[in-house]
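Input: a single structure, listed below in structure tokens.
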């Protein structure tokens, strides 16, 4: 039941921290989110790509060409994994520095979110109570029909469905009414939160124009440092890819040459 209320609440208050705002868990850092998403994406692409390569090599054409793509794929995966290990600490340092520079702004925004949460919580509790009452009322109306079905024969199934249909529609309509009422109650607070966030940014822009410039300058500085520190790792990646590409090129040329000889001999 609480999941329903939490889901509805997120519909009215947006933002990157919304899901953490209504929960007790600490939000992930930006680096953790990026790292998790990148890891999942790379793993899916790597595993899926290896499966396709393995299927191709197992085919008649793959056996005939004998390109040894799977060996090259494993070498490439190993090189990419090494790159991730080398760049990981550098990227972590970048996010740590950026979070440190924006700590004050994030604290002010979290304070606004917490204040709005306290104001809207009574409306969420009221909605949860009403929703529970509606579900309980629906359960009471449906219970006799279930007993009737158990006691009756199969031919009563259609009759039961006809009786359940209006009850389901009634529950849906009543739930929609409560949702609309909740939306109307939360709308002022949602607008208030948006106005506060806009005011924070406007204050930074006007009275704290220097602060925004400083944020931009420090972010650019951190990005430049990230690029410089990542150069050795990227160069290692390039050097690691060269043998793989050369091996693939030689295998492909040999396969084409062999196929040409077979065609000429026929």
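Cβ coordinates come from backbone N, Cα and C, glycine included.
Owing to the predicted nature of the structure, the values given are computational and were not obtained by experimental measurement.
If you look up Swiss-Prot, you'll see 1-18 marked as signal peptide.
Residue 109 (methionine sulfoxide) falls within a helical segment according to DSSP. Neighbours of residue 109 (methionine sulfoxide), defined as other CB atoms within 10 A of its CB across all chains, total 18. The methionine sulfoxide feature in Swiss-Prot is assigned to 109; the stated evidence is similarity to another entry.
Sequence annotations record features per position, and here Swiss-Prot assigns repeat '4' to 122-143.
Summarising the annotation, Swiss-Prot assigns repeat '10' to 243-266. Mean pLDDT, taken over the repeat '10' (243-266), works out to 65 on the 0 to 100 scale.
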DSSP-wise, what's the residue breakdown of the repeat '4' (122-143) into helix, strand and coil? 22 helix, 0 strand, 0 coil
